[in-house]
Amino acid sequence: MTLFPIFADLTGRRVLVVGGGAVAVRKTQALLQAGAEVVVGAPRLDPALAALAEQGGIARLDGGFEPAWLAGAWLVVAATDDRAVNAAVSEAARARRVFCNVVDDAELSSFQVPSVVDRSPLIVAISSSGVAPVLARRLRERIESLFDHSLGQLAALAARYRPRIRAARPDLGQRRRFYDWLLDGPVAARLRQQQPGLAEQELEQALRAPQAAPRGSVVLVGAGPGDPGLLTLKALRALNEADIILYDRLVSEGVLALARRDAERVPVGKLPGKGHDATQARIHALMLAQARAGRRVVRLKGGDAFIFGRGGEELEYLRAHGVPYEVVPGITAALACAAYAGMPLTHRDHAQSVRMVTAHCRADQDTLDWAGLARDQQTLAFYMGVGQLDYVTARLLEHGRAPATPFALIENGSRPEQRVVTGTLADLPEIARRRGVRPPALLVIGEVAALADTLQWFGQHQRGLPGPQALAA
């Protein structure tokens with residue numbers, strides 16, 4: 001360890017910033033956030049610094065650097081683009097035993113400013129000892145993705161209740177388990193949901209119940225269409241905090257690979273024609289049993305849980321049984337598959353609206369407004385439609401949709417094996433059969449589908465019926 005990590009209390013303490021440009025602006029703003037009394041010395045000031053000086057937010061020293069500027073300073077930051085000036089600041093600071101940071105110059109610095117993840121009062125600092133600042137910034141970005149912004153509120157709440165927690169849990173082992181519950185349980189969940197009052201109620205109840213059984217929870221997470229890079233930061237955090245993951249058939253291996261290594265994984269996917277209602281009842285029972293056992297359950301669904309994902313039914317069940325829950329949206333197939341096919345769902349010249357439709361309705365029910373769906377100047381996105389292509393095509397043509405309307409079938413959208421098959425509505429079922437389209441596939445119908453022929457950028461693209469050679473193969 002070449003540098004000793006230290007956090008300095010600069011509240012009300014004089015810090016000198018030498019330089020008046022953009023770098024000096026950033027350093028000054030950071031120091032002001034830490035409560036420092038900032039003095040900026042430079043011949044000219046950036047407008048932002050000049051405004052701060054006029055408002056009394058900082059003091060100003062005009063002209064070129066002079067060692068006398070260091071009088072009373074606890075720290076100095078040299079932020080000029082002139083190495084000779086920076087060296088003079090460094091030498092003067094060394095002579096007066098004042099710590100000096102020269103921006104982007106480790107050789108002239110006696111301290112380094114780390115990359116910071118700020119969840120005040122929790123602060124995470126990352127330093128490369130001045131050797132590789134880019135690496136430190138990259139690590140900061142990754143750490144930022146792991147910590148919800150409510151973590152600072154949680155740290156402040158824990159600090160405020162620390163004496164009471166110590167009194168209620170005098171045994172060290174009990175206290176550690178209580179803090180684990182505090183960090184991972186319903187209190188943290190309430191803060192993530194922007195409900196600080198309810199968070200404090202949860203904490204008060206736990207303190208009044210000396211040995212309360214652990215209380216589990218469920219997070220309903222949308223996994224997106226398959227590309228793990230489309231997972232949201234909040235979804236990633238949920239996967240890394242899960243004790244058990246109940247995942248659907250269409251969740252990709254790449255997404256599951258991002259989950260906590262020791263989390264239990266239970267597949268609960270539904271297969272076509274295999275009794276969905278019975279499977280859904282099993283999912284409900286599993287969520288309830290695992291949550292009541294005190295476990296953190298992630299219910300992981302392909303796409304978005306609230307777009308043809310039966311997420312609403314699952315929340316109703318959890319609410320009826322008193323299980324706390326959260327919802328993390330995912331990128332639904334219509335948005336992701338269209339984007340990966342290079343196909344805008346709306347376009348000023350072609351479509352002023354989008355309709356997401358399930359082609360997999362409840363048995364013996366078809367309540368769709370086919371006359372409305374057949375209108376032009378709109379885009380239709382059919383989910384779960386591969387087995388219903390003949391029916392969908394017939395109904396749209398019957399209600400007046402033009403036979404020449406373009407379509408696109410996006411198979412395995414956003415995954416390495418993605419394939420886009422395009423053509424016109426009249427030939428849709430035949431093209432799909434001859435091309436061997438298989439689920440999962442999203443069907444897009446509308447003028448925008450033709451743009452996939454020219455704007456496609458990812459995976460394979462096949463247009464129309466296969467030629468004789470392809471048929472022979």
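Each Cβ is built from the backbone N, Cα and C atoms, and glycine gets one as well.
Site annotation for S-adenosyl-L-methionine in Swiss-Prot covers Pro225, Gly302, Gly303, Asp304, Ile307, Thr332, Ala333, Met384, and the matching candidate from Gly197, Gly254, Gly413 is Gly413. Using a 10 angstroms CA-CA radius around Lys270 (active site, proton donor), none of the recorded positions in Ser128, Pro225, Gly303, Ile307, Gly413 qualify.
Rounded to a whole number, the C-alpha distance linking Ser128 (phosphoserine) with Pro225 (S-adenosyl-L-methionine binding site) is 37 angstrom. The Cβ centroid of Pro225, Gly302, Gly303, Asp304, Ile307, Thr332, Ala333, Met384, Gly413 marks the S-adenosyl-L-methionine site; residues of that chain outside this set whose Cβ lies within 8 Å of it are Gly224, Leu250, Phe308, Gly309, Gly330, Ile331, Ala334, Ala336, Cys337, Tyr383, Leu442, given in sequence order. In sequence order, Gly222, Ala223, Gly224, Pro225, Leu250, Gly309, Gly330, Ile331, Thr332, Ala333, Ala336 are the residues of the chain that are 6 or more apart from Gly303 (S-adenosyl-L-methionine binding site) and have a CB within less than 8 Å of its CB. Pro225 (S-adenosyl-L-methionine binding site) carries neither a helix nor a strand DSSP state and counts as coil. Largest Cα-to-Cα span within the S-adenosyl-L-methionine-binding set Pro225, Gly302, Gly303, Asp304, Ile307, Thr332, Ala333, Met384, Gly413: 16 Å. Separation of the C-alpha atoms of Ile307 (S-adenosyl-L-methionine binding site) and Asp248 (active site, proton acceptor): 14 Å, rounded to the nearest whole number. Mean pLDDT for the region 'Precorrin-2 dehydrogenase /sirohydrochlorin ferrochelatase' (1-203) in the predicted structure: 92.
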